[in-house]
Amino acid sequence: MSGAFNNDGRGISPLIATSWERCNKLMKRETWNVPHQAQGVTFASIYRRKKAMLTLGQAALEDAWEYMAPRECALFILDETACILSRNGDPQTLQQLSALGFNDGTYCAEGIIGTCALSLAAISGQAVKTMADQHFKQVLWNWAFCATPLFDSKGRLTGTIALACPVEQTTAADLPLTLAIAREVGNLLLTDSLLAETNRHLNQLNALLESMDDGVISWDEQGNLQFINAQAARVLRLDATASQGRAITELLTLPAVLQQAIKQAHPLKHVEATFESQHQFIDAVITLKPIIETQGTSFILLLHPVEQMRQLMTSQLGKVSHTFAHMPQDDPQTRRLIHFGRQAARSSFPVLLCGEEGVGKALLSQAIHNESERAAGPYIAVNCELYGDAALAEEFIGGDRTDNENGRLSRLELAHGGTLFLEKIEYLAVELQSALLQVIKQGVITRLDARRLIPIDVKVIATTTADLAMLVEQNRFSRQLYYALHAFEITIPPLRMRRGSIPALVNNKLRSLEKRFSTRLKIDDDALARLVSCAWPGNDFELYSVIENLALSSDNGRIRVSDLPEHLFTEQATDDVSATRLSTSLSFAEVEKEAIINAAQVTGGRIQEMSALLGIGRTTLWRKMKQHGIDAGQFKRRV
């Protein structure tokens, strides 16, 4: 080929001319070697990889050939390497091309067959037509080839659509025909790709919705259920498949707050509500999201199960760490408390802890909770002084909402599955005492402004510093509630009667302060002895306060007698004077009788506790009581 002209003088495109220049360096025009052909496993692998393109492309070629027959031509589908994957067309034409080596699996690269549209379309990325002596190889001068490249959704070359015919059969419409087929196949590939991507996203979304802890429901503008995940179906006791397409109001009785929000297309966030499904009430915390569109408003509803919301809240608010292991074991009075505390932990009955201010009733309550089978559940502490007014009833026992305010779980409901610690039970409002009695006796609670019963499973531990029996007689405390709480009563002796536990309490407090202040703390023996001998009218709380102040003010972390506050010596002197007067005015028998009477008053006349408190056997105690004419029954609390 001389210059850029055919033998007849027609000009050729730069694309073809450049191809000729490359081919001149690689091959001879006169020779023709049958092109390399992929066969067997290799061809099958290529075919599988292009399955999507072939499925669409073959259908398009069949449609095109049906329109073109009986024209002498052949239609090809090639991959991005110019390997023939599929052929269709006139049998005689296919046979002639096959004789040249153009079969399924044949590689039509430029380096093999020379300048030809089959390879140039892939190289240039555009539609190309070559005919007659535009081909580099003379064996192809009797043929015309048209080819248009195919691209995927990301713009990458994925194949070629080609047409081949004898040169005398070619027409001006051949190249546009391959272009039209290629565009059709490309559009179908794009549609399939987008559909596959959409399906993939839908599968991911469905997997996400099914793996959520929350239930998810959606319904259209007509109120017909469109989607419900397994969690929502389980919570609402619905058949997910059978419920599809049905009206949401046919499946459920919606709470008033939700009905109002739907009517106003108003969103809700973490609102407590109650559904009725299959004649059962179902509590849930809901979030509603309206989707406002031109054709109407559809909705997505999230169901946050109350049980999980309780667990979430109590995991942050309802954990305590004090156990019986933290209590000193050296003192017999403390060992007695641990013994009765463990009995209380094994029991399901309410527990009443009695004793002076500051004796550690709250810590004993925590130890009972952590020893019980409810240790993994919440521990909710309530100071009843705050609930002396019935106006706070809603916070204590809850109330059903009919507006758009966020619902809030009551203190009783928060304790579900765990322990409810009621500090200073004597201050609880009379109206709330009835609600508490209902929880203890029946295991249910009735909210304010509601008729339904809510199951509540709690262990009640109450404390008091008052004489509840006297309050009952004065009609200031519920008689029935007193009976319920009095079933398991533990009296905690004041610290002055548990002096043996003071060294352990002091050391435990010092170790705790060491961790807080990151320093070493120690106390001299004489200073500790002085602390043991003090009266401690404020009990454990006063002792801890003194130790903390001493730790902050001590020199180099050492607590000496000289560091002790003066009021401790004053209290000790007062106690010494009282003891001296007692010893001079009373005989030993009178002192013994007074000690037994004091023990009976503290323990309510319970022999076993009196025996432990006095440090003598029950037989000895019975003998001495008989000797002094003391009747334990007269000290029992009567209502």
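For all residues, glycine too, the Cβ spot is worked out from N, Cα and C.
What Swiss-Prot records for 1-318 is region 'Sensor domain'. As annotated by Swiss-Prot, domain 'GAF' applies to 52-189. As annotated by Swiss-Prot, domain 'PAS' applies to 203-265, with the evidence given as a curator's inference. Annotation source Swiss-Prot lists domain 'Sigma-54 factor interaction' at 327-552, citing sequence analysis. The feature ATP binding site is assigned by Swiss-Prot to 355-362, 415-424.
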Proximal but sequence-remote residues of the same chain as K361 (ATP binding site) (Cβ under 8 Å, at least 6 apart): L353, G355, E423, T463, I492
Residue counts (helix, strand, coil, in that order) that DSSP gives for the domain 'GAF' (52-189): 63 helix, 38 strand, 37 coil
The domain 'PAS' (203-265): DSSP-derived helix, strand, coil residue counts: 33 helix, 12 strand, 18 coil
Under 8 Å by Cβ from G358 (ATP binding site), same chain, sequence gap 6 or more: L495, G538, N539, D540, F541, E542
Sparsest-packed among the binding-site residues, when each Cβ's other Cβ atoms within 10 Å are tallied, from G355, H416, T419, L422: G355
